[in-house]
Amino acid sequence: MISEEEKIKFLKELVEIYSPTGREEEAAKFIKEKFEEYGIEAYVDNVGNVIARKSGEGPLVLLAGHIDTVPGYIPVRIEGEVLWGRGSVDAKGPLATLFFSTIEGNANVIFAGLVDEEGFSKGARNLKIPRPDYIIVGEPSGTNGVTIGYKGSLTVRFVERVEKVHSSLGVGAAERLIEKWLEISKDFSDGFNGLNGRIVRFLAYDREFEFYGEMIINLRTPPGYVPPLEWDIIDFVPAYEVDRRSPLVRAFVKSIREAGLKPKLKKKSGTADTNILGPKFGVDAVAYGPGDSKLDHTPYERINLREYLKSIEILKAVLRKLKGG
């Protein structure tokens, strides 16, 4: 068994490696070398993902988390039982949970530390491994939570060009884009089954003979949502939801209860690599990991180290149950 001090030290060192999207190389190298120190072969693939395989008993389980973080450095420090730092919650705490569950368990596991999750998920889209039987993605769900659904993400570009007329005779490109946004947003609603979103970019100016406008929006889409065919789609990742009766979900519920906690099944308004990996391999996928997702991307990102350590034990119990133990 690996000591709690060593697990905390690993996480702190990983968080200390600043790895915003596009700059994951040092963190990937660190994880690879740590696997090798524990006697597990690992490699970095052609897109920068770090992959490790531990052969064991039972179904093949993919444990996938992301190495990259959003930008914004936070001084790394431990205060009592709390570790502060960018990525401590999203998602190096969950990634470290997957790391130690791989090492300490005797399940049949592929570990994947993925790049570009905060971008366009290049790591997940290009992951080349044998088809797993189950997928567990490292994202903050809370020690007693398991995320069974994520909304989709749709990024769209709208462009308007309006021939110049006297300012009193008509609307320009900017006004048309505003009308378009008001039409799209009039039916927004909160919740997992609602559509909502925001304007990511808005640009309008006049050229010699025309008014030009460009608007990029991001929509969070519910299950079953199909965007209009005429839209200029930059990227679309559909919503994903796993059946709560799945053996994977049941293994989490039982393991969390056995740890003395009340299980919570969660559906989130964000999007994660779960949305890509589940459909990519055609198997059940959930997300699990310590941390409060309300702290994601904020200047106050921090993780409770007791919860981190407990999450490792819960995930190891899940892996035992999946192989029939």
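Along the chain as shown, residues are numbered 1 onward.
Glycine is no exception: its Cβ is also placed from the backbone N, Cα and C atoms.
Zn(2+) 2 binding, as stated in Swiss-Prot, involves D90, H297; the candidate among E57, E118, E313 given for that site is E118. Per Swiss-Prot, Zn(2+) 1 is bound by H66, D90; the candidate from E13, E16, E139 named for the same site is E139. Neighbours of the Zn(2+) 1 site: apart from H66, D90, E139, residues of the same chain with C-beta atoms within 8 angstroms of the site's C-beta centroid are G65, A91, P94, L95, E117, V137, G138, P140, A272, D273, G289, D296. Under the DSSP three-state reduction, H66 (Zn(2+) 1 binding site) is assigned to strand.
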